[in-house]
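Participant: Quick paste of what TrEMBL says about this protein:
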type     : residues : note
TRANSMEM : 35-57    : transmembrane segment
TRANSMEM : 69-89    : transmembrane segment
TRANSMEM : 109-130  : transmembrane segment
TRANSMEM : 137-157  : transmembrane segment
TRANSMEM : 163-185  : transmembrane segment
TRANSMEM : 197-216  : transmembrane segment
TRANSMEM : 236-257  : transmembrane segment
TRANSMEM : 278-301  : transmembrane segment
TRANSMEM : 307-327  : transmembrane segment
REGION   : 357-381  : region 'Disordered'
COMPBIAS : 357-366  : compositional bias 'Basic and acidic residues'
COMPBIAS : 367-381  : compositional bias 'Polar residues'
Amino acid sequence: MVEARQVQLSRLGSLIKHTNMTNQPTSSPKNMVKWWLLVALFAFFILAGQSTATLLGRLYFDKGGKSKWMGAFVQTCGFPILIPLYFFSLDKKSSTTINVNTNSPSIPILASVYVTFGVFVTFYCILYALGLSYLPVSTYSLLCASQLGFNALFSYFINSQKFTPYIINSLFLLTLSAVLLVFGGSDAATAAKISKGKYVIGFICTVGACSLYGLALSLTQYSFRRILKVESFKSVLNMIFFPSLVSSSAMAVGLFASGEWKSLGNEMESFSLGKASYMLTLIGTAVSWQVFSIGSVGLIFKVSALFSNVIATVGLPVVPVLAVFVFHEKMDGNKVVAMILALWGFVSYAYQHYHGSSEPKDDEKSSANNEGVSKSLEVSV
């Protein structure tokens, strides 16, 4: 009887331990260092991929590109480059389930998840492409900052995101840094050449894209923790590969159905940098967006959807600064201040996670209490 009770209590302790698993680093210094290195790597992927893809996207439209469907298609069509990563996944031998009480999702459930996210990606990629083609760069960047607010709202209701003073300070600084970009004044001439109708369409499309993107990030975090329930790098790749496959297929249909594919040959011929540069611009844009996707989904997997969006917002002031060197645009004080505020906001958010990971978590305390209760029951029995 005593042995049966001890076995039962041991199983109970194991169950509690697995149920309280999270993606946060453990108290082990080695695990914390590994966790922070992965977070830094994914953040670098976001900043490098987003900046490069945005600059190449602007290059495409500035040098003769006109196809809106192509501008959206290159955001997802680079997914085949992820295939080699499946064979070099570092975590494929150590994947664990987040909750031992539930089985892995069935193929129909996985298919429905990937198709749903593919539809999300299709819509916000098209809307982003339309917004970028109709709006001045500074106005577009300002509106893109709204995705952080949308994501924070959705994360609060969907993922029970907690807002600490550090996180609130970070959101405020990052939003302010993006707002400063609208006062640069470098796009005044461009804005004057845009018709009122196109400006309104670009405004609506960009805000709509930001809301869909913020919702998609929150739902991705929810899917990882409540539906997929698998902690592995392969699950990250799947969340990029299959929705991109669905989205690329849908946009390829749109490209041919709209008839824009007929003008791609003329675009290549008239591209001011030459045919080779035309192809390299599209290929580079596609690859860069995939790098961005790996970083974005990776941070959702390791930290949260809101943190992933924070890193992406940090990159908004980076693009105008890089444009000074690439497109020889003027550097002004607003861009410098925006960059400083963005870095300040990022440091504030990163400190919150460092501060939180260095303190005992509630689930660790609960696990310790349950272990103590189990031991006391064993003694009493």
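Keep in mind that glycine also has a Cβ here, set from the backbone N, Cα and C atoms.
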Participant: I'd like to know if the transmembrane segment (197-216) touches the transmembrane segment (35-57) in this structure, counting it as a touch only when three or more C-beta pairs sit under 8 Å and are separated by 6 or more positions.
Facilitator: no
Participant: Can you work out whether the transmembrane segment (109-130) touches the transmembrane segment (236-257), with the criterion being 3+ CB pairs under 8 Å where the paired residues are 6 or more apart along the chain?
Facilitator: yes
Participant: With the transmembrane segment (236-257) as the reference, which stretch in 69-89, 278-301, 307-327 has the largest tally of C-beta pairs below 8 Å?
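Facilitator: Answer is 69-89, with the largest number of Cβ pairs below 8 Å.
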Participant: So what's near the transmembrane segment (278-301) in sequence-distant terms, Cβ-Cβ under 8 Å and 6+ beyond its ends?
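Facilitator: Beyond its ends, the transmembrane segment (278-301) has Cβ neighbours at 23, 38-39, 41-50, 52-53, 56-57, 59-60, 63-65, 70, 74-79, 81-82, 217, 220-221, 224, 231, 235-237, 239-240, 244, 267-268, 271, 307-308, 311-312.
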